[in-house]
Amino acid sequence: MTATNELLQDLKARGLIAQCTADEELAEHLSTDCRTLYCGFDPTADSLHIGSLVPLLVLKRFQQAGHKPLALVGGATGLIGDPSFKAAERQLNTSDVVGDWVNKIRAQVSAFVDFNESKNGAEVVNNLDWIGEINVIEFMRDIGKHFSVNSMIQKESVKQRIDREGSGISFTEFSYMLLQSYDFAALNKAKECTLQIGGSDQWGNITGGIDLTRRMNRNKVFGLTLPLVTKSDGTKFGKTESGTIWLDPSKTSPYAFFQFWLGTADADVYDFLRFFTFLSVDEIAAFEESDKSVQGRPAGQGVLAKEVTRLVHGEEGLASSERITAALFSGDLASLTETDLAQLAQDGLPTTELEASEQTIVEVLTQSELAKSNKMAREFIGNGAVSVNGEKVADAEVILKKEDALFGKYSVIKRGKKLFNLYIWK
């Protein structure tokens, strides 16, 4: 399968391979047939966040090259929590909570791979289906006997926790490696799965699964890890001042998602294009070269925001994000739909809720903190710096009414070029 050779070369060119077991053997293994691979996603919240995008898209890349992807949702391992490189033990959640999260994450994963009836059609599996059937005696006898505690505590992910003063690691979390390792052995036996992918922090768990599969099934399997995405300024990827960037549009709106990528630093944008899009490496290199000579804002951020928003939220989500962005810039707020404004109310703009049916513009400016005092509010109005729903306000005595609001609910207040507040009439 020449597509596989091209895939591995492409992954390397994109910087998407951190570690790989027996890379030449893996290349040969993948080139001879349609192979089954998997990646695990533990339900630690009711949605995946953008940190999960790299492995999701790599599953998709393998499927495009002719291989069968399995997305494992950790209904069992999610009840325990992966200790890998964590400073402290995770809070344990109830089976009902984790079960609900599993269903939501299963639906999210399904948007990224093709569940057709062909040989390489994707599947979503839940490790509770096989781990939940094991009793304690079977676990200790059939799985635990294959693991050396000496080697387990030498794995860097565990060693850091043991060595950290005041931390330590519980037996519950220490056992996580055995459960994840058993996932690989179980999928190898039931689905002929021969490759596990995951973040570079999963290397210890992946190699544990490779060893267990060899011991239990007498089969050779492989592991490949992906780099953990970092930002050039040292801040955590996927976090903003307002919190985590989620894939679920009810937690992070398509507009806020689009804006996150639009705000990518110049030093990161081309790496992110290689990681998070299906544009070819040559196309990305051309953007990078072209942007070197551009006066003003480079094109890379806009391309990145469009490509990733389309992947996650579809054409409709991208269209609404671009429509909102253009309307806020131009002041043509009449072009916005009620759904667009609901996105702004969710997480796109600072908001102020109003119970009354009318309010003076001066009161609106001070209540929304666009002006620190009535005097300043009047000065801003006098200088032509204030608009409501795209219309300049020239008179400080103007009264805003609910009946004049967009869709009877929203008034977008703008002061200057970039300061906004969304008034929500109750």
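Cβ atoms are placed via backbone N, Cα and C, with glycine included.
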Candidate ranges 236-240, 306-310, 371-375 [criterion: Swiss-Prot lists as motif ''KMSKS' region']: 236-240
Segment assigned the feature motif ''HIGH' region' in Swiss-Prot (from 43-52, 193-202, 213-222): 43-52
Whole-number mean of pLDDT values that fall within the motif ''HIGH' region' (43-52): 90
Rounded distance in angstrom between the Cα atoms of Lys239 (ATP binding site) and Gln180 (L-tyrosine binding site): 27
Secondary structure content, the motif ''KMSKS' region' (236-240) (per DSSP, counts of residues): 0 helix, 2 strand, 3 coil
